[in-house]
Amino acid sequence: MAQVAMSALPAEDEESSESRMVVTFLMSALESMCKELAKSKAEVACIAVYETDVFVVGTERGRAFVNTRKDFQKDFVKYCVEEEEKAAEMHKMKCTTQANRMSVDAVEIETLRKTVEDYFCFCYGKALGKSTVVPVPYEKMLRDQSAVAVQGLPEGVAFKHPEHYDLATLKWILENKAGISFIIKRPFLEPKKHLGGRVMAADADRPMLSPGGSCGPIKVKTEPTEDSGISLEMAAVTVKEESEDPDYYQYNIQGSHHSSEGNEGAEVEVPAEDSTQHVPSETSEDPEVEVTIEDDDYSPPTKRPKSSEPPPPPPVPEPTNAGKRKVREFNFEKWNARITDLRKQVEELFERKYAQAIKAKGPVTIPYPLFQSHVEDLYVEGLPEGIPFRRPSTYGIPRLERILLAKERIRFVIKKHELLNSTREDLQLDKPASGVKEEWYARITKLRKMVDQLFCKKFAEALGSTEAKAVPYQKFEAYPNDLYVEGLPENIPFRSPSWYGIPRLEKIIQVGNRIKFVIKRPELLTHSTTEVTQPRTNTPVKEDWNVRITKLRKQVEEIFNLKFAQALGLTEAVKVPYPVFESNPEFLYVEGLPEGIPFRSPTWFGIPRLERIVRGSNKIKFVVKKPELVVSYLPPGMASKINTKALQSPKRPRSPGSNSKVPEIEVTVEGPNNNSPQTSTVRTPTQTNGSNVPFKPRGREFSFEAWNAKITDLKQKVENLFNEKCGEALGLKQAVKVPFALFESFPEDFYVEGLPEGVPFRRPSTFGIPRLEKILRNKAKIKFIIKKPEMFETAIKESTSSKSPPRKTNSSPSVNTTASGVEDLNIIQVTIPDDDNERLSKVEKARQLREQVNDLFSRKFGEAIGMGFPVKVPYRKITINPGCVVVDGMPPGVSFKAPSYLEISSMRRILDSAEFIKFTVIRPFPGLVINNQLVDQNESEGPVIQESAEASQLEVPATEEIKETDGSSQIKQEPDPTW
């Protein structure tokens, strides 16, 4: 706390010491409050006048600011003297009306002067490139008038401190303040550069102060009054600053002691007659410069070395004065190291608090988008005021420090734990809010297109061409020394525009004129073209890749089989029934897999994941809580060992009742000739052997009859399930046939809840085996919502009255034909009235839209991989390998999926924005290479490729039939229904 002893104020000898003690005590309390505010990064400055004492209290920056504003202190003391004198005068004598009017004028002049002074400070800050108020150095400007020019003042009025203007001038300045501006021409010169010896002497007499020391005497000139015995002499005022508070900097950050004392100079010493600084250095008088300057020097004033550094040579030749000026450059490395360390600390803090909230012991990942989407059910308490909860990478250094200071108070509040089970796909732009997100998507799409056009143009210029050419981004990443780009903004690497966000895209466009492509080895680009357009020339690489991935898959398969056998207590390896594990994750699962790798068949994995599994094979462990689920999938010899060792009842697995507990995969085992339940019961041992057929290694012969019987049975089961749920929604006990056309035409009034993720509501005849099995596993959650029962009943009556006699039979589901759904549509199309014809036209329109979208995607994908013709899109491969293929230009709210997953409205929007859609192959994946090779081998069989592209709308079966017609020798993999 700084205390100023001054004789300017009238002293009363009768004043009791108690009153002085009370004031001192209260100022100490105010000082403590300032320290607490400083810990929260708030800045305070306070000047108190009590009789003969002046107190300066506040935070470090607040005191520094007040100490630099000597005129402010002088005005405040002068104001207090005048106010006390006015109060005494008013108390002793009654003022006349004229005196009152004069008092009002004085107050008005004082107010106008303060307003003009604030506006001058604003204009000076604006001239320095700041949007905040910066104190005007009046003495320097008057001493060195050519350094800063002031425009817009009235003719004949020179620039000076507002206290020297009269009332008319003040009013004119405020009325025409829009025309007033400050122009900084050069930095201020040293006092000895001027000829005025008087000024030099005055400046020399004014001592330089250390931040923690005492200020020199302040000359305060007071106005004389009738009753005050104060003369016109200058009263000496001594200002004492309080010492630095070491506790304020008790929070130590790693790497905070390795810095210079530049910040100290920026905060305290700048205003102390430092006339040698550059113009940018003047901005350090503004408290907001703390954001930039503080990030450069990282230690508190009390812990900084006291050595001064000579500044770099300024634009104007000046003699160096190492004791007075501290000019330095921004140290990016130091700032980057500090902010990276702080963000890491905050990230670890958030993860630790989040783990405590969900009671998790291991490492956790915070779903930040979920917290932003469900602010009422998921939020964080205890964050400093004004700081929202976001990723630490979005905070700057001040906020990161405040968060760490408040780490004990931070707490994650999770009201609905079920929200944490949501997948990341739920948070994408599937259902964006209208307005902001659509505007953002349109903006980023436009910017990416502009940057892509810019890159193509610059790339063509580097090749000596005037026409834009597509940029081979992969080659630039592969050969950074021979192919690179100059002129990009700082810290922005050269990549495909689809990698950039809006800020980087805007920066690239701003510097578009200076961007230059450097191509030292043009033959690399020629080689790239041949690689893309003629993949057959690179067959040795593909063969090496095929050999490598085949070997790794076989190795992982052997590891899984061995670990599975160990879990069952067997010594010999046993084939793992992967679908059974997928269907029963509660009783059958695998522990110890590398992070981020789910348990699936090795044929799903690429080389990186296979290698990670092999490296961590020692940690892998199979957990089989219910062996009876897998017994039926083991060879007879192995099954008997399991029966004697693992199970309590030996005969249980061989009974027909136990087989009913096995998931619906058992349908695959039943041959198409098993028409009666008795036959299936008798052939139970045969089924046990045959049940291993779907899980044999790839390359075995695919049984179309078994697949056909299974998918037919599953479709019938799902249709019966839908009919039962529809009847329940109407409050009926019997099943009601679902009018699918009504659900498609009025999705707001008729819809279905509880379907598995990614499975739309459609006719069961359009689904493949995976979706049918998902629906049956999720049947308990499925619920039909019918908001208009009267419309529903009318549609049912019209449908039943117009159709031929019911076709319901009590025969076994396995007797149904294979393509019954399609045949039914054809029959109904001939026999039903006009209303149903309209419904069927919608179904036909949806089919046509799917074909058009599929053709569009195939054409764009073919362009992306360098083909001159459409290529079938591997939707499943793109989905399970995120980041390999990026699809830009999709409409807002529509994510990239197979056309069979898309709604009609989404497909129409995709076709409307067809010209903006673009596939970008970031890195190849196994399916992409195999697909290219497959297309090359079948170039002469154009119709076959076209058929497969058209058939993708109905999902798997059609594709599998086409592949099957080529002979079983070409089938190297399991049937992949959704590829």
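Just so it is clear, glycine is given a Cβ too, placed from its N, Cα and C backbone atoms.
Feature annotation from Swiss-Prot assigns N-acetylalanine to Ala2; the stated evidence is similarity to another entry.
For Ser19 (among others), the entry in Swiss-Prot reads phosphoserine. Taken residue by residue with DSSP, Ser19 (phosphoserine) is part of a helix. Around Ser19 (phosphoserine), no same-chain residue at least 6 positions away in sequence has a Cβ under 8 Å from its Cβ.
Sequence annotations record features per position, and here Swiss-Prot assigns SUMO2 cross-link to Lys35 (among others). Annotation note: Lys35 (SUMO2 cross-link) sits in a helical segment as assigned by DSSP.
Around Lys86 (SUMO2 cross-link), a 10 Å sphere centred on its CB holds 14 further CB atoms from the protein chains shown. The SUMO2 cross-link feature in Swiss-Prot is assigned to Lys86 (among others); the stated evidence is similarity to another entry.
Positions annotated as repeat 'GTF2I-like 1' by Swiss-Prot: 103-197. With helix defined as DSSP H, G or I and strand as E or B, the repeat 'GTF2I-like 1' (103-197) counts 50 helix, 8 strand, 37 coil.
Positions annotated as phosphoserine by Swiss-Prot: Ser103 (among others).
Marked as SUMO2 cross-link by Swiss-Prot: Lys130 (among others).
Among the features that Swiss-Prot reports, phosphoserine is placed at Ser210 (among others).
If you look up Swiss-Prot, you'll see Ser214 (among others) marked as phosphoserine.
Among the features that Swiss-Prot reports, SUMO2 cross-link is placed at Lys219 (among others).
According to Swiss-Prot, the feature SUMO1 cross-link maps to Lys221 (among others).
According to Swiss-Prot, the phosphotyrosine annotation covers Tyr248 (among others), on the basis of similarity to another entry.
If you average pLDDT over the repeat 'GTF2I-like 2' (333-427) in this model, you get 86. Feature annotation from Swiss-Prot assigns repeat 'GTF2I-like 2' to 333-427.
Close to Tyr379 (phosphotyrosine) in the fold, though at least 6 residues off in sequence, lie Phe371, Phe389, Val413, each with a CB less than 8 Å from its CB. As annotated by Swiss-Prot, phosphotyrosine applies to Tyr379 (among others), with the evidence given as similarity to another entry.
Residues or ranges marked as phosphoserine by Swiss-Prot: Ser393 (among others). Taking Cβ-Cβ distances under 8 Å and a sequence gap of 6 or more within the same chain, the neighbours of Ser393 (phosphoserine) are Arg343. Under the three-state DSSP scheme, Ser393 (phosphoserine) falls in the helix class.
The SUMO2 cross-link annotation in Swiss-Prot covers Lys431 (among others), and the record cites similarity to another entry as its basis.
For Lys641 (SUMO2 cross-link), the nearest neighbour among the recorded sites Lys86, Lys469, Lys842, judged by Cα separation, is Lys842.
The repeat 'GTF2I-like 3' (438-532) is not in contact with the repeat 'GTF2I-like 5' (705-799), judged by fewer than 3 CB-CB distances under 8 Å for residue pairs 6 or more apart in sequence. The Cα of Lys469 (SUMO2 cross-link) lies closest to that of Lys860, out of the recorded positions Lys35, Lys130, Ser703, Ser765, Lys860. Around the Cβ of Ser498 (phosphoserine), the same chain contributes Arg448, Val886, Asp888, Thr920, each under 8 angstroms and 6 or more positions distant in sequence.
Comparing CA positions across the recorded positions Lys86, Ser703, Ser765, Lys860, the one lying closest to Lys845 (SUMO2 cross-link) turns out to be Ser765. Neighbour count (other Cβ atoms within 10 Å of the Cβ, all protein chains): 16 for Lys35 (SUMO2 cross-link).
DSSP assigns Ser703 (phosphoserine) to coil, not to a helix or a strand. Of the listed recorded sites, namely Lys130, Lys845, Lys860, the sparsest CB environment within 10 A is found at Lys845.
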